[in-house]
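Among the features that TrEMBL reports, transmembrane segment is placed at A:26-46, A:66-95, A:159-182, A:197-217, A:296-316, A:322-344, A:365-387, A:407-426, A:447-469, A:489-515, A:564-583, A:595-615 (among others). According to TrEMBL, the domain 'NADH-Ubiquinone oxidoreductase (complex I) chain 5 N-terminal' annotation covers A:63-108. Look at TrEMBL and you will find A:124-407 tagged as domain 'NADH:quinone oxidoreductase/Mrp antiporter transmembrane'. According to TrEMBL, the domain 'MrpA C-terminal/MbhD' annotation covers A:604-669.
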Amino acid sequence: MLGLIATGFLASAIAPVLYKRYRENFGWIAVLFPLYMFFGFLSRYPEIAAGNSVRESLPWVPSLGINFSFLLDGLSLTFALIISLVGAAVFLFAGAYMKGYRDAGRFYLYIGVFMTSMLGLVLADNMLLLFVFWELTSFSSYLLIGFNHHKESSRKSALQALLVTGGGGLALLAGILLLGSVTGTYEISSFYDMNRIITSSALYPAIVVLLLLGAFTKSAQFPFHFWLPNAMEAPTPVSAYLHSATMVKAGIYLIARLNHEIGGTPLWQDTVLITGAVTMLFTATLAFRQTDLKKLLAYSTLSVLGTLVMLLGIGSELAIKAFFIYLIAHSLYKGTLFLVAGTIDHETGTRDVGKLAGLRKAMPVTAAAAALASFSMMGVIPLIGFIGKETVYKAILELDRWGLPLIGAAVLANACVVMVTLLVGFRPFLGKAKETPRQAHEAPLKMLLGPSLLAVLGLLIGLFPDFFISAMLEQSARNILSEELSLKIVLWHGFNLVLILSFVTLLLGGLFYALRPVVLRYSFFSSLPALFKPSSWYESALKGMLSFAKLQTLILQNGYLRNYTIVIVLAALIPASFALYRAAEEVSIIPDYSITFYEAALGLIIIISTGLLITSTSRLKSIVSLGVMGFSIGIIFVIYGAPDVALTTFAIETLNVILFVLVLQKLPKFLKLSRSSNRIRDAVIASGIGVFMTLVVLFATSFNISTELKEYFAAASLPEGKGLNVVNVILVDFRALDTLGEITVLTIAAIGVLAMLKTATGRKAQP
Amino acid sequence: MRVLLPVIIGLLYATGIYLILRRSMVKVIFGLVVLGHAANLMIFTVGRLTKGSPAFVPHGATGIAEPFADPLPQALILTAIVIGFGIQAFTIALFKKTCQSLKTEDLDEMRNTDQLEKESP
C-alpha cells in the first residue's frame, strides 16, 4: 500500500506535464488512475469480506514510533472504495469542466495529491502517519478552494477553511500525542484492546476533547460548520469530491475508527451524539434562505454529516448499520448532484435556482441522472437512500433516552433535505424553459458518464443491497463495535412506523418547498444576529489576532535599541538566576581571599577606569579609560601564564585607541541624553547582570574540571604539531580551520570598513 | 585574586550592559568593547588560573610537567579578541558614517525603519 501511495504522489507530480501534452483528452487519461485504484481495492474485497485484514509496515522514524504502516480492513476498504470511485467520476468530469481554466494542469496536481492523501488517511495504521495525511488533505483543500486565486472571495474562503481545519488539526496532533503517552504506541491496531487502559487514564477527557475537536472541524460540525458553504468557491468537481464525498468525512472516519478504542463512555458518546444532532437540525434549517445550487447542496451535506456523527454517538448495532448505508448512499447521490450542478452551471452559466427551469428537454441525460440521485436523496423506494433513511429512523426509535426529540429533529432535518432536493434535483429541469446566460444544451460525454454511473449505482445497491454491501458492512461494523454483526439489509420492511415517518418526511419536505417563498418574504431567516453566527466568531477571532499582533509589535518591535537589549537581557537573566539558585544549593564555595599587592593595585585601576568610562563627559577621557582598562586586563593575562593573549591584547588595545581617536576627535562632547529615571533603571539591570556573572564564575570554578584536553595538547604539541608554544600550535595546527575562519571574518570586516570610509555619503536626508 | 577576579568580571559585565543601554551610539560601542573584555576574562577564569607558568614545552623535553596554564582557553580567547577587534573596527566606521549622514548619534532618532506604518487618520 505504501507503493500505491508513492505512485499516487508521483502520478500527481507528472500530471501537469501530461496535461500540457494531451489537453482535451487528458480527462480520459486521468481517470485511469482512480479507476486503477478502485479495481485494486475491489480485488481485495473477497479477502476482507472473509474477515481478514491486510497490514503492511515499514519503519520511518522508529525511535519516535512513526511508521509507514497501513491497514486494509472493512472500514478502510469502504472508505477507499468510495474515494477511488467518486474520484474516477470527478476526474473524468473535470476533464471537460476545467477546459476553460488557465491552470487546469495544476488542478490535476492538487486533486491527485488530495486523492492520494485521502487514501493514505483512511489506510494509515499509525496515528502520526494519519496526521500527516490529514494535514495534506487540509492543505490540498486550501489550494483547491483557492484555485480561482484572482478572486478575493476564493482566497478568503480558502484561508478560512485552512485555519479552521488546520487549527483542528493541531488539536488532533495534541490528542494523538496524549493518546500515545497513555498507550505507549501510535499503531492503531495496537490500541484495539486498550479501551480500559485509555478510558481509565487521567488524561482521557483531554484526549477525547482534542481528538473530537480535530474531527469536528474537519467534518464541519456545529459550531465549525461555516467553512464548508464558503468552500463552495472551489470549482465544482472539487466541491463534489472534497467537500461532500470524501474530505469532510475524514473526521467521521476518525470517530468511527477510534470508537471501539476510546469510545463507550458517556463523555464520548454524548458529545458525539449531541454535536451531531445539533449540526443535523441547525444546518438543515439554514438551507432555507439559499438560492445557489451549490450552497443548497452544501447545507444539506452539513445536515447529513451531522446525522452520520449522531449515529456514531448512538453507537448501537442498528445505528452503525445505518451509518454505513447512509455514508455510501450520501457519497453516491451527493456526488451525482454536485456534478449535475456543475453541469448546469457549465452549460447555462448560472447556478441560481430562481433562474433555472425546463432544462429536461435540452439536457435529458443530466436530468435523468439528477432525478435518480434526487430520489435517493429524498429517500424514495427503491434506492439506497431509502434504506439509509429507514435504518436511521429505526436506530433512533430504538433509543430509550433522547428517542422522541431526536426522531423529531431527524424528520425535520430530512424534510429540509427533501426541500433542497426538490430545489436542486427537479426544479431546474421541470416547467417551462427560461432564458439563461448561455444557451443550454446537453453536456459532453465526459461530464455525463460520472454522475450517471454514480446515480445508477445508487439504484443497483438499493435493489440488491445484500449482494453489494452486506459483507463489507459486517467487517466494518466489527472494526467499530468489535462485535460480529449479522447485517441483513433488505429494501422492504413492511408497513410500520418507520415507513410512515418516511412518508411524513416527504410530505413535510414538499410543504417546506411550497412554503419557502412565503417564509423568505418574512426576513426571519434572512439574517441571524451576529452573536449566534459562528462565522462571525471566526471573523472577530481573526481580527482580534491581527490587532493583538499589532499591539505586540508596537510593544516589542518599537525601534528603541535599549528596549530590545533589556528584553533579551532579562529573558536570559531571570530563568538563568533561577537555575543558578537551584544548583548552588549543592555547592559550598570556599573563597580564597589571598591577594598580592600588585593584584590589588591592578584591580583598583580597572575599577577606577570603569568608573571614569561611565561618568566621563569627554570623549578623549573615555577613550583613555578604555585603553587603561584593556592594558590592565592584558597584565592579568601576563600574570596567569598567557603571554600570547597578553601580547595580542596590547596590540589590539593600541590599535583600538588610535582608531577611536582618529574617528571621534572631531565630534562634540557627549550629550546627556537619558533621563535620570532611565539611568537608575539601567543601573539596576546592569548590576543584576554583574552580580549574576560574578556568582556564575565563582560557581563554575568551585568544581574540578577534566584536564584531559589540557594534557592532550601539552603532550601532542611537539610530536604532532612540531611546536614548543602550545597555544600557537593549537591556533595554527589543531584548530587551524578556526583561525582560517577568523581571518575571513577580519577580511570581511576590513572590506566593510573600507567601503564605509571610502564611499561618499549617499543621498542627503530629506529636509 | 580568586575572589577579586570574579568581582572584576561582574563589574565589567555591568559596565558593558549599562553602556549598551545608553542613547548615545559611541557609548554603545564602548559597551561592546567592555563586554568583549568581560567575556574573555570570564572564559579565562573559568578555564582555571595557573600563575606564572605558560604552556611552553621546555627545550629537550617532549611534554610539559604540571603545573602549567591550560592552553585551550587561551587559544579560544585569542581568536575572540581578534574577531572582537574586527567588530569594533566595523562599528566605529559605521558610527562615523552614521554621524556623517544622519547628523546625530542619538539612537532614539534612528527608529523609523522599525516602526509600524502610521494609520492614516
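Every residue, even glycine, has its Cβ placed from backbone N, Cα and C.
Owing to the predicted nature of the structure, the values given are computational and were not obtained by experimental measurement.
Residues 1-2, 5, 25-28, 30-31, 33-35, 37-38, 41-42, 44-45, 48-49, 53-60, 104, 107-108, 111, 115, 118-120, 122-126, 128-129, 186-189, 235, 237, 240-241, 245-246, 249, 253, 256-257, 324, 327-328, 331, 335, 339, 342, 446-447, 449-451, 453-454, 457, 472-480 of the same chain lie 6 or more positions beyond the ends of the transmembrane segment (A:66-95) yet place their CB under 8 Å from a CB of it. Same-chain residues lying 6 or more positions outside the transmembrane segment (A:447-469) and placing a CB less than 8 Å from one of its CB atoms are 85-86, 88-90, 92-93, 96-97, 324-325, 328-329, 332-333, 335-337, 339-340, 342-343, 346, 365-366, 368-370, 372-373, 376, 381-387, 488-491.
Each residue in the domain 'MrpA C-terminal/MbhD' (A:604-669) gets a DSSP state, and the totals come to 55 helix, 0 strand, 11 coil. Taken residue by residue, the domain 'NADH-Ubiquinone oxidoreductase (complex I) chain 5 N-terminal' (A:63-108) breaks down under DSSP into 34 helix, 7 strand, 5 coil.
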